[in-house]
Every structure is written in C-alpha cells, then in structure tokens.
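These notes concern the structure reproduced below.
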Amino acid sequence: MKFLQIIPVLLSLTSTTLAQSFCSSASHSGQSVKETGNKVGTIGGVGYELWADSGNNSATFYSDGSFSCTFQNAGDYLCRSGLSFDSTKTPSQIGRMKADFKLVKQNISNVGYSYVGVYGWTRSPLVEYYIVDNWLSPSPPGDWVGNKKHGSFTIDGAQYTVYENTRTGPSIDGNTTFKQYFSIRQQARDCGTIDISAHFDQWEKLGMTMGKLHEAKVLGEAGNGNGGVSGTADFPYAKVYIGDGNGGGASPAPAGGAPAGGAPAGNDQPQGPQGQQPPQGQQPPQGQQPPQGQQPPQGQQPPQGNDQQGQQPPQGQQPPQGNDQHQGQHPPQPQGPQGGNPGGSDFNNWSQGGSPWGGNQGGSPWGGNQGGNPWGGNQGGSPWGGNQGGSPWGQGNQGGNPWGGNQGGSPWGGNQGGNPWGGNQWGAPQNAAAPQSAAAPQNASDGGNCASLWGQCGGQGYNGPSCCSEGSCKPINEYFHQCQK
C-alpha cells in the first residue's frame, strides 16, 4: 500500500524535472532564418513575427520554436508567436494549455515598459487577456493596468495580481464593449512553464468569464517613448502546446500552430468581418494614472498584443509618433480620461477631444496625427486606423483583419492568404491545405513544406500541411494531430 502511494509522488517529481529541463539544457537548434525588417512568417511549421517602429533591429527564428531578438535604438520592439483558433471551442473543449519559455537578457538598456508572457482573445464573451511573467524594464506593470483590482492569488504555485477592465473601443470584432483580464506575476522569472489554463480557471472563480478561444500567443515586447531601447532578448526555448507535455517537448504544439480548427503557424488565421479595428490598448481606467513622466510619447503605439486598457507605461515613456505598431500591443498609457472620442477607445482615430490614443486634435500622444501614427487616422500605413498602405492593423486591408476593414475574417490583418497579423506581403499561406478533419498520409510529399517535429499535421478544421518532415502524424484529439517520433 505504501509503495502504491509513493508512485504518484515519484511520477509528479519526474514530471516536474522534465518540465523544467529546458531551463538548464535548452539551446537553439534546427533550421534558422534571420529577419532584419518587420516580418510575419513560418519556419518548420512554427509561426513568428518581428516588428519594430524604428532602430537597427533583427531577429533569428529557429525551426525548433526558439528565437533570438536584438534591438538597437528602437522606440518599440516585439517578437511574438503562438496558437490561433477559430473561436468555436471554449478552453475546456480545446484542452489544458501551457506555454514553456526561457529568456536570457543581454545588454538591455533604456527600456521604459516591457511585457513577456501570454496574450490572446476569446469571443462570446469578447475578452482580451494578458498573462505577464517577466519584463525587460526595471519595474513590472503597476496597478494602473486595470480599473478593478481583484487582488493577489496563488496560480500554479506563484503569486499573481489579477486585474479586470471593461472597455469600449476597437476589438477583434470591431468597435464594441469588451472585457480585459490581466495576471501579473509578482516575481519575474526567466524560465518556466506558464499554465495558461490555470489562469483561466482562477479568472472564472472570480467571475471573469472566458469565451470561445481565438488565440494564445507568447509575447515579448520592450519600448520607451523616448526611443533608444537596446539589447537582446534571447529565447533558447519557446513553445505553446495543448496537453501536459513536458519541458523536453512531449506533445507540445509549436508556437504558431492552430489546433481546434485554427490555421497552421503563420498561415490563414480566422478572419474577421470588414471594418474590424484593433483592440484598444493598455490604457488605465479613466482618472487612473501612473506617476507623471511615465507616459508613452505621442503617436507611438506599442506592438500588437499589448493593447490592454490600463496598461500604459508611466508618463514620459510613450512610444514615438508615427510608429505603426501591431494591433493589440499598445504600451499601457498611464492617462485616465478618454478624451472625447465617440467610442471611448483610447487607441483609435475617432476621438476629437484629447483621447490619448486616437483621433484627438489637441496633442494626444496616440492619435490623430497625420504622419504615420500607428494608432490613429494616419494615411501612411498606420496599423490602427484607416491606413491605405497594407498596415497589418489598419482598415484598408482586404483579408479580414479583425482590426480594420478586412474582408475575410482574419483576426490580425488584411492579408490575402491568411497572414494572421495583417494585410502585408506575408499573408498568403505557403502550406498546401490538407482536407479538414483528415490528415494526409504521413511524410507524404507536400511540396517540401511539411510540418516540423511537434508541429500540427491534422485535425478537425485544420488546413495546413499534413505531412511531417520528421516522425509521423499522430492524433492527440479530434482537433489536433501532431508530428511525433
């Protein structure tokens, strides 16, 4: 009897050891691609994105999911990747979800605000959520990220402060009212496993209802309204996956994969209706401001994934004007009142009375400028509003960008072939589509574009490559098949 009681303990210890093995042994491996400009793409079935508003920047992405990001004199810079879904399944229907990451900071300087963690959306109800486990700035995001502080809770063995907002403004479903949820880790960590589902569970206990999952992505961002952000954020290990898996890679789906009907990494993501605008960013509730001198500079929008209301960097730390940042990633602007914008959005180009994020005519740091402000009304490719130049977040794209004027429902941009982030040249899917709910013969020829080891290769609603460059395609559940040895 005692022996039988010991077995679960030993198994738990073994699982924990495996789950953290990447913290000591992880290193880049596989094929690699180096990007020196803004780019959304895939490598070995893993989706990736590099975006910056200025500076001399680069990023190297590997087919094993790892990546290394270098920025010099940037105003705002981000790397991100993860899973996309079709908003038809709840988190419980999809399965337990986690994200593994290892972060190595090198020569980081002049960072005013930063977020490293998990970001995404749900529908029915419409929710924008944020799990922050680390940051490249000297200080973590503060109470100004939310207008309702639920308090501190132990989630997956660590203390997180949970915030909630109710916002009216741009979202993946257009200009509307939606919820924003935040979990901010009280002690940053450079390596570990984020139990995404555990945060969902805690939020549900607090009455913070989750809807049908639209995405879950790993995000790393650094910015400063004064510019000059420099350093390297190296991620020798990064994966988002469904199921228990382990740190060594058992059953993880590569970042960018799309179980539950979503598109494969970097391919066609569910597109939203025309006219969808990017969700307003991380502005604090009206009247709630962080200390002066910590605001992002006018016209500078943080990269996508960070447009949570209330999450604005302290005054003086606004991103520079004219920065086209990706939807959803605005640095939290520490300004309270919304200004006079018709819909209350801080990040759009409709406000006429000083909204910090958009459309205001009186010096709003985030909008109304005519020279490329990513958040409002610019005519030169602003990702957030009415741009005509293919901005991933703007209203002129034709592929369904949920953030603006897209025609096909893509949550992130007007791409023509499914680029999840925008109407840019990266949108066309490169992978041959496999029949939904049926995986093609394993290791069959797919034009040389087969999924990598641990990549998605089939499942209900999946339309990406169905062959494996290594191993064979095995069903995990009806929505997700994966290349495994």
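Heads up, the Cβ atoms here are built off N, Cα and C, so glycines get one too.
According to Swiss-Prot, the protein carries these features:
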type	residues	note
SIGNAL	1-19	signal peptide
DOMAIN	34-234	domain 'GH11'
CARBOHYD	Asn56	N-linked glycosylation site
CARBOHYD	Asn107	N-linked glycosylation site
CARBOHYD	Asn175	N-linked glycosylation site
REGION	250-450	region 'Disordered'
COMPBIAS	265-330	compositional bias 'Low complexity'
COMPBIAS	344-354	compositional bias 'Low complexity'
CARBOHYD	Asn349	N-linked glycosylation site
COMPBIAS	355-425	compositional bias 'Gly residues'
REPEAT	362-370	repeat '2-2'
REPEAT	371-379	repeat '2-3'
REPEAT	380-388	repeat '2-4'
REPEAT	408-416	repeat '2-7'
COMPBIAS	426-445	compositional bias 'Low complexity'
CARBOHYD	Asn443	N-linked glycosylation site
Rounded distance in angstrom between the Cα atoms of Asn56 (N-linked glycosylation site) and Asn107 (N-linked glycosylation site): 15
Fewest Cβ neighbours within 10 Å, where candidates are the glycosylation sites Asn56, Asn107, Asn175: Asn107
Cα-to-Cα gap, Asn175 (N-linked glycosylation site) vs Asn107 (N-linked glycosylation site), nearest whole Å: 40
Coarse DSSP state, helix versus strand versus coil, of Asn56 (N-linked glycosylation site): coil
